[in-house]
Every structure is written in C-alpha cells, then in structure tokens.
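Step one of this worksheet: look at the structure below.
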Amino acid sequence: MGSTRIPLVKALHSPVSDYVNYDIIVRHYNYTGKLKISADKDNGIKLISVVFILICCFIILENIFVLLTIWKTKKFHRPMYYFIGNLALSDLLAGVAYTANLLLSGATTYKLTPAQWFLREGSMFVALSASVFSLLAIAIERYITMLKMKLHNGSNRFRSFLLISACWVISLILGGLPIMGWNCISTLPSCSTVLPLYHKHYILFCTTVFTLLLLSIVILYCRIYSLVRTRSRRLTFRKNISKASRSSEKSLALLKTVIIVLGVFIACWAPLFILLLLDVGCKVKTCDILFRTEYFLVLAVLNSGTNPIIYTLSNKEMRRAFVRIMSCCKCPSRDSASKFTRPIIAGMEFSRSKSDNSSHPQKDDGDNPETIMSSGNVNSSS
C-alpha cells in the first residue's frame, strides 16, 4: 500500500529544489526523445519559426486595433463589447505567449529551470484557455439574451463582468496546475512527449475540458438557431408573410454564420485535440507525429487571428470604427455616429423598434419579429 502511494505523492508534490534544477529539463527531453530531435535540428532559429512569429505579430496588431477601437468609441462601452474586448485581449496574449514560446525554444529550452519552463508553457495554456472560455462566454450571453429577448441593461453589465472574471480565474487555475504540483518531475514514465514535464493525466484532463467547451459552444449556437427558426415558424403560422419572409432570410444568414463560427473553431482546435489524445495514448518514442507539435499548435493560435474577423470586423459599425482607428482619424463621421449596432455573433445583430427603449415588458414574439438575430446592419423599424 505504501509503495503505491509514494509515486503519487511525488507526482503531486515535487520538491522545491526540483523547480530550479537545470538537469531535469535535459533528463525529461532525453527520455521522451525530444533532446535528440532538438540537437539534430538546432541550427539557430528555423525559417518556420520566423513565419510563425510573423503570424503572431499580425495577430497581436490585429487585436490591439480591436481593443483600441472599443476603447476609443464610446458607443462600444457596453456589455456585449466587453466580451469582444475580452476575447481580443486573450487572443493578443495568446500571440505574445506563443512568440515568447518560440523565442525560448530550441537550445534555449535547456537553459531554463523547470519553474521557467512551466511559466513558458503555462502562459500559453492560460491565454488559449481564456480565448476559448471567452468564446463560450459570448455564446452564453447571446443565448441568455435570445431567451429573454431583451437588450443589455445594468444587470447584464454585472453578468458580463462575472462571466469575464470567471474566464480568467478558471484559465489561470487550469494553466497553473502543473507548476502547483500536477507534473511528472518525479515520475518519468507518466510524462507527455509533447510537453515533457507535464503529466499525461493533466494533458488528458485539459483535452477533456476543451472538448466539453467545444460541445457546449456547438449546443448553444444550435439552440440560438433553433430559437430563431421557431419564431420564424410562428410568424408563418400567423400568415404574416412579409415579416416571416424577412425572418426566414435572417435565419438562413444566421445558419451560415453559425457554420462559419463553429467550422473555423473546430478546424483550428480539433487537430491539436487529436494530437494531445495521441500523446496520452502513445508509448514514449513510438509516435513520430508527436515531434511535429508546432504545426498543430500554430493552428490553435491562428484561431486568435480569425476571431477578430468573425466577431468584430463582420459588424459594419465596428468595421467603420476600426478603419478610422487605423487611418488615425480622430473625428468620427456624423453619419456613422448616428447609427448604433449591437453585435451578436459574427456579424449578427439585433434589430429593434423604438418601443424596446421603454421600460415596458417585451410583448409577444410575433409583435416584435425584428428582435431577432440577423446578419445585416441594425435598422430601426421606425
């Protein structure tokens, strides 16, 4: 009984001295076979790394402009835009973290202490986790809004900050678990090949969490589409042909947008999920694909580059503001300032009548068919 407990305790509670022992990095990389791979390829910074760094620089600049657009435009200081700003911040940090990861890779890896290595890899986990959790938070917010059929108010502001705070707290905990003890410093046979100081059980845990997040996002967006289709059928049943036709067009546009959102997300993240599952299942030095991690990871990072396009630039009002920021124009045009749009997902916005501004409760769905998600601009029905 005691003999089986000791390795478990060591795996969860590594001595403090292990975190500053330079030999541990070399030992673990040698055990997994990555030391030989690195030695064979180590001729300075690789061309592919330069390409990846340039991609990260684009992602960083792209998301900086999104944050500047939201900050400089007062009409965007609203709960839904907080989610978009939070997504841009996490994507920006993902670009920064991956750039730092690339610069500290290769021969530099063996000059790091385990504590520094955990910080290098953990920062990537935190940034990418925050990005995925932000996508989930946006989906939750849109679903709740669709259920209530109400636009944002004070209570929604509190809910927004609560969801955003939860994104970062959970991401920090998830990324910090290895440095807090869930690692394989003392148990080499349990080590991951992709991340040689990470325990395979931790890799499996993270993959499971991200897969559940993906499924949750898919379910929420499918539910949103279902709600829109239900309201469209109600209008058809009431023989309100013109409004039903408009609603059907919006439903089709919504379906296309949902396919884009989920398709891009799955295309970027699924390969990395599969690689990590292989890492958990494969024995050490048996799966050559595990030594090509950078190509799978850069796909996940690319999702941070597509998010601003899907969630921000597809909104016409934000696109105008974005262009103004890029052109260093300090005075927004009156024409664009007179309109106001509320992004939902990937260019989907609310359309509403003046009655939405009142304090009266929302009427039957059929009386306000414009209060649904669309793919166009917001046009007041008055």
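Cβ atoms here come from the backbone N, Cα and C positions, even for glycine.
Keep in mind that this is a model prediction, so the values were computed, not measured.
Quick look at what Swiss-Prot annotates:
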BINDING   ARG120, GLU121, PHE265, ILE266, ALA267, CYS268, TRP269  sphing-4-enine 1-phosphate binding site
COMPBIAS  351-366  compositional bias 'Basic and acidic residues'
COMPBIAS  371-382  compositional bias 'Polar residues'
DISULFID  CYS184-CYS191  disulfide bond
DISULFID  CYS282-CYS287  disulfide bond
LIPID     CYS328  S-palmitoyl cysteine
MOD_RES   SER351  phosphoserine
MOD_RES   SER353  phosphoserine
TOPO_DOM  1-46  topological domain 'Extracellular'
TOPO_DOM  105-116  topological domain 'Extracellular'
TOPO_DOM  183-196  topological domain 'Extracellular'
TOPO_DOM  279-289  topological domain 'Extracellular'
TRANSMEM  47-68  transmembrane segment
TRANSMEM  83-104  transmembrane segment
TRANSMEM  117-138  transmembrane segment
TRANSMEM  161-182  transmembrane segment
TRANSMEM  197-224  transmembrane segment
TRANSMEM  258-278  transmembrane segment
TRANSMEM  290-310  transmembrane segment
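Long-range neighbours of ALA267 (sphing-4-enine 1-phosphate binding site) (same chain, six or more residues apart, CB within less than 8 Å of its CB): LEU299. Most Cβ pairs under 8 Å to the transmembrane segment (258-278), among the stretches 47-68, 117-138, 161-182, 197-224, 290-310, belong to 290-310. Looking only at Cα atoms, CYS287 (disulfide bond) sits nearest to CYS191 among the recorded positions ARG120, GLU121, CYS191, CYS268, TRP269. CYS191 (disulfide bond) falls within a strand segment according to DSSP. Distance noted between the C-alpha atoms of CYS184 (disulfide bond) and PHE265 (sphing-4-enine 1-phosphate binding site) is 31 Å. The DSSP breakdown of the topological domain 'Extracellular' (105-116) into helical (H, G, I), extended (E, B) and coil residues amounts to 9 helix, 0 strand, 3 coil.
Of all the disulfide-bonded residues listed here (CYS184, CYS287), it is CYS287 whose C-beta has the fewest other C-beta atoms within 10 angstroms.
The CA atom of ILE266 (sphing-4-enine 1-phosphate binding site) is located 23 Å away from the CA atom of CYS282 (disulfide bond). With a cut-off of 8 Å on Cβ pairs spaced 6 or more residues apart, the transmembrane segment (197-224) and the transmembrane segment (290-310) reach fewer than 3 such pairs and are scored as not touching.
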